[in-house]
Structures are given as C-alpha cells and as structure tokens.
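Visitor: One structure follows; several queries about it will come next.
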There are 2 protein chains.
Amino acid sequence: MNERILELFQQSPEAYVSGEEISRRLNVSRTAIWKHIEELRAAGYEFEAAPRKGYRLVSKPDKWQVTELLQGLRTKVLGQKVHVYGEVDSTQTIAHALVASGAPEGTLVLAEAQTAGRGRMGRAWHSPAGKGIWMSLVLTPRVPVYFLPQLTLLSAVALCRSIQKVCQVDIGIKWPNDLLIKGKKVSGILLESSGEDERLKYVIAGIGISVNLKVEDYPEELRSVATSLAIESGAEIKRETLVQAFLLEFEELYALYLEKGFSPIRLLWEALSVTLKRPIRTHSPSGVIEGIADSLDDSGALTVITGNGEKIKVYSGDIELR
Amino acid sequence: MNERILELFQQSPEAYVSGEEISRRLNVSRTAIWKHIEELRAAGYEFEAAPRKGYRLVSKPDKWQVTELLQGLRTKVLGQKVHVYGEVDSTQTIAHALVASGAPEGTLVLAEAQTAGRGRMGRAWHSPAGKGIWMSLVLTPRVPVYFLPQLTLLSAVALCRSIQKVCQVDIGIKWPNDLLIKGKKVSGILLESSGEDERLKYVIAGIGISVNLKVEDYPEELRSVATSLAIESGAEIKRETLVQAFLLEFEELYALYLEKGFSPIRLLWEALSVTLKRPIRTHSPSGVIEGIADSLDDSGALTVITGNGEKIKVYSGDIELR
C-alpha cells in the first residue's frame, strides 16, 4: 500500500494530494492513509501536510548511487567491492559474515539504515535511513595484534581529514577515535578485530557519519551531544563524495603507515586532537583518573599527568573532556 | 553394527573371538567384519589379531570423566563450566559459538576427537580419539588488545609448568607458545581473539596436548617432528589430572599477571624457553632473518641479534631453531 501511495504522489510531483482523493482512489480509510504516511516518514520520505490541501511529497530518502560511487573512486583496493543494503541490523554483522565467506581486503558494506548500529562500549548508534554514512570496511593488515591501537588512531585521522576536505567544519578527534564538532559527536569508528596468537586475522572498521541529519532527526536526548555535518556546515553533503574521499585518504595513510610506521600517523593525530593538553577524567579498574592529557605513545595509550605530577597511561575506555 | 560387534567382545573380555563366530552370530561376511574392526580401530579401540584365534579387544578409547574432573578441580572460575563432546570439527569453533550465546569466562570445551583441529598459521592439528587433550578455554580478560601477546606467552608458561608437575619430561617453550620435548612438538596453543577498538572482547585459548598417543598413532610424516607425553615419559597419563593441573596453574598465573603485570610472567617464560640465546631463522615481510634470539620485550616480541650486530624485533610468525 505504501508503494501505491508513493505512486500517486509521483503522478503529481510538487502538488498537494488531498486525503480524500487518496482515500477514494485507493479505497482505504483516512486513518489508514495517515498510518501509511507515518510509515513512509519513518523510512525517510518527507511530507508536508496542510489543512484542506492534503499532503505534499517534499523529498525522497537518499539512496546509495553505487555506479557513481565506483566511477569516482580513486583507490586501488579499498571500496572496490561494494555491498549495498537497504535496512540492516548492523553493517558490522554483515561484514563479519562476508569475511567468513572469503571477502577480500577492501570490501565495503553500505546500508541506508541500521536498526541496531553498534557504537563504542556496547552503545547503540542512531542510524536513520538515507541521512548518514553507515558502513563497514574489511581490512587484512599484515601487522601483529600488538599494533591494532595504531590502526584505531589511523582510522580517526583518515576520517577527520576526509571530512575536512569535503566540508567546512571545525572538526577534531577525541581520544581514541571519536570525531567532534564544537564538543558534539558527529562520527564514530568501531574497529572489530579478530586475531590468532600474535597475528591479526582481519579488522572490520565500522564507521558511522551523521551527514545530512537535521536537528529533528535526533531523539530529544541526543541533541545536546550529537550533531551532523549538514547542521554544522549549513549545507547538505553528497554521501558518495565523502565515502570516496574517506577511502582514498585511508588508503594513502595506510600505505604510509605500512612503509614508515606509526610516527607520521601520530603527528597527524596529534595535530587533529581535541584531547591533548586538556584536562580529562576517565575511569580505570583502579579508580577515577583526573589530569591533563599529555601525549600519545606507540601503543596508542594516552599519557595523563595527574595533579601531583604522576604519569598514568590510559590504554582503553572512554575519556571525558572537562 | 560396530556396537553389536563391541557387545560381542564385551561378553568375553580378554578372550579372542574368531571371525567365524562373529560372522555366524551377527550374520555378516568376514570382509564386512574386517571393515568394522578397522572403523573401531580408527575410533580408538585397539584390537589384537592372531591367526586362527581371531580378534581380542585390548583397550577401549579413553572417555572424559567429567564428574571426576570437576571433583578434583581446585580453580574458582576456569573450567567450572565444562562442555564435553565426542567427535567435533574443532573445539575452537564450538567455543566461539558458545561465547556468541553468552558463555562466561572459564567455560571449557573438551572433545574426544577433532576432525579439523586447528594449529598455528592455518595448519592442521592431529587429534585422534581419546589419546590427547583437545580443548578450548574461554577468557574475557579486562586488558587492552595491546597486551594480547603477553597472554599468548602466559598460556605457554601455564601449560609447560602444569605438564612438568604431572609427568617427568624435559619440556621447554619455543617462541611464542609451542611446547617441545627433545625438539619434537608435544603441545600447541592457539589464541583466537576478538577485539573492539583497543579493548579485548574475548579470547579463546585452543590447546592441544598429545598425551597418550603411541608412535603408531602418528602418521608417518609426523613422527620426526611430533611426540606425546606417554612416549617421552614412558607412562600413560590421566588426562583429567593434567587438565586440572593446567587450569589451576593458568588461574594462578593469570591472577599474578593481572596484579603484577608481565614482569613475573616474562621471567618464568625465559626460564622455560628453548629459544633464547640460540641461533634461529625466521621469515619476515622484508626477507629471511638469521641471528641469535636474545630477549623478549613487553610486547612479546623476540629481539634477534644478527651476524652484524643489528637488533631486529620479531613480532609474529614461526621461527626455526638452527
């Protein structure tokens, strides 16, 4: 029924279609129409409703343009195999299954919407249809598990730099790999890895970027902590362009890393950090740590200098900027 | 049919049963009997065959005595939940599935036989029925992924020390975690891990110990490189006793590690190593490395000093003792 309603609107683009007319032509009740319009709204269609005029279809949800994405992609490996889905529970789950059935390095999973997007520390990630980039990238780096934290930081650098190239926002990295604009989260990365003894078997980088969400697309409780590129830059961003920029940036940094090691990546991370030299608080197994985030070491750990001058290394977890 | 044949032998333990009698009582051909006896042999039953006398059942395959195992187990967590199987493809595969359905830390998977036991570097592991300990242990250590190589080394120390306590063999550790007796492999460990960013989600330690295999239980091509505790100590070992000793040793070292860090574990590893101060050869992405294995660092890497005095760190892979 939703499809038949959409057809009606597409027959008269830009115009209002009255509830009465829909009701008559499709032979359904006004209440049923209202219910279907709400379903379509949840799927990313935007309608304007005006008294006595009816409904007008304002915009359709963005759909991944795969041909366009691939044509403009300047990478050698990353993203050269793309799997595109409508609504999925999580692109991570799909990518794990693809790896199990032999998907090669660079395989990319894109979804319009996620019903159970995963964030850091077991948190949910809000991933409405067509408004963001919800993707997973398969990597099989030939580095020891020991170096995984460096890949986490590299991912953040690649994502931050590609966003800077595509839109005008003042974006920075909160340790280890959250991206913030004016203190609000705009993008997150979750690296799920699989290792065998000291060897890394594969890594799946789950990346969520809130691209074209409007303030009203966020649940009330997220509005003070989350934002989107469109909200902050004042302009809609073409998702394909950002994916292309990210994959290219990642591939270049990854090659640099494999050749030169972590030093150049650390310099870039430090330059983009909103964490270093700032007071932070974090919880460790031995209690709360408060101090100034001082530096990053080769293991990806954050060195924090506490009030009494003690240096403490923070290897994992969440930090709070104070 | 195999079961009916076993019944016949159990009716007259120790005695020979002639092929003719089996053939008559079970109404099958002599060729069919020979085929069934071979199947039973593959499943761990040992038969003696004598001309004109027939077959005698010499021994039945060992079966896991779970009640006995649990009664003698002095751990708090490790092995307190045991899942026992007959023949499985790999205990690792089962343990992964158990973790996915919520199995807690310490969950142990035991199998009589594995048809596709996994070793390091994608190699197969020979796991015949009832002759060895083929098991997987679920761990959820709250340490960063960064420390995983230390757990690999800790596992080798725990296994080596528990074997020393249970039987008289001159056993040592080849970097990172193979156990050798007189240069032949007797036990292997494979740590499969799953991480999320810098955090370790879980580790499944797959452990294979060749306990009571006889020389003839090994395929010809393995006899020069593999051995068993029974072959080397000259006595059969009760598998339950060794599992109990291993779990206790692991739990104690694990607690020590979580409290005091890697230093005490490194000292124990070094004391048991057959690698340090010896000439070794290994393959790295940049070519063959030859030199003297000098020391172990905090990352679990082996420092190798080459002929021209250069120090090279080996993070992963296989080494050859020269």
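Placed from the backbone N, Cα and C atoms, the Cβ positions cover glycine too.
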Visitor: TrEMBL has A:GLN114, A:ARG118, A:GLY119, A:ARG120 binding biotin. Which one of A:LYS182, A:LYS184, A:LYS185 is in the same site?
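Guide: So the biotin site in TrEMBL includes A:GLN114, A:ARG118, A:GLY119, A:ARG120 plus, from the candidates A:LYS182, A:LYS184, A:LYS185, A:LYS185.
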Visitor: Looking at A:19-38, A:279-298, A:299-318, which stretch does TrEMBL describe as DNA-binding region?
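Guide: Going through A:19-38, A:279-298, A:299-318 one by one, TrEMBL flags A:19-38 as DNA-binding region.
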Visitor: What average pLDDT does the predicted model assign to the DNA-binding region (A:19-38)?
Guide: 86
Visitor: Cβ-Cβ under 8 Å from A:ARG120 (biotin binding site), same chain, 6 or more residues apart: which ones?
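Guide: Those within reach of A:ARG120 (biotin binding site), by Cβ under 8 Å and sequence separation of 6 or more, are A:ASP178, A:GLY188, A:LEU190, A:ASP318.
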Visitor: Which of the binding-site residues A:GLN114, A:GLY119, A:ARG120, A:LYS185 have a Cβ lying under 8 Å from any Cβ of chain B?
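Guide: Listed binding-site residues meeting the cut-off: A:ARG120.
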Visitor: In the structure shown, which of the binding-site residues A:ARG118, A:LYS185 has the fewest Cβ neighbours within 10 Å?
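Guide: Ranked by other Cβ atoms within 10 Å, the binding-site residues A:ARG118, A:LYS185 bottom out at A:LYS185.
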Visitor: Return the residue, from the listed binding-site residues A:GLN114, A:GLY119, with the maximum count of other C-beta atoms within 10 angstroms of its C-beta.
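Guide: Buried the deepest by this measure is A:GLN114.
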Visitor: What does DSSP assign A:GLN114 (biotin binding site), in three states?
Guide: strand
Visitor: Would you measure the largest Cα separation among A:GLN114, A:ARG118, A:GLY119, A:ARG120, A:LYS185 for the biotin site and round it to whole Å?
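Guide: Between the outermost Cα atoms of A:GLN114, A:ARG118, A:GLY119, A:ARG120, A:LYS185, the distance is 18 Å.
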Visitor: Using DSSP, tally how many residues of the DNA-binding region (A:19-38) sit in helix, strand and coil.
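Guide: So the DNA-binding region (A:19-38) is made up of 17 helix, 0 strand, 3 coil.
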Visitor: Helix, strand or coil by DSSP: which one applies to A:GLY119 (biotin binding site)?
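Guide: Assignment for A:GLY119 (biotin binding site) reads coil.
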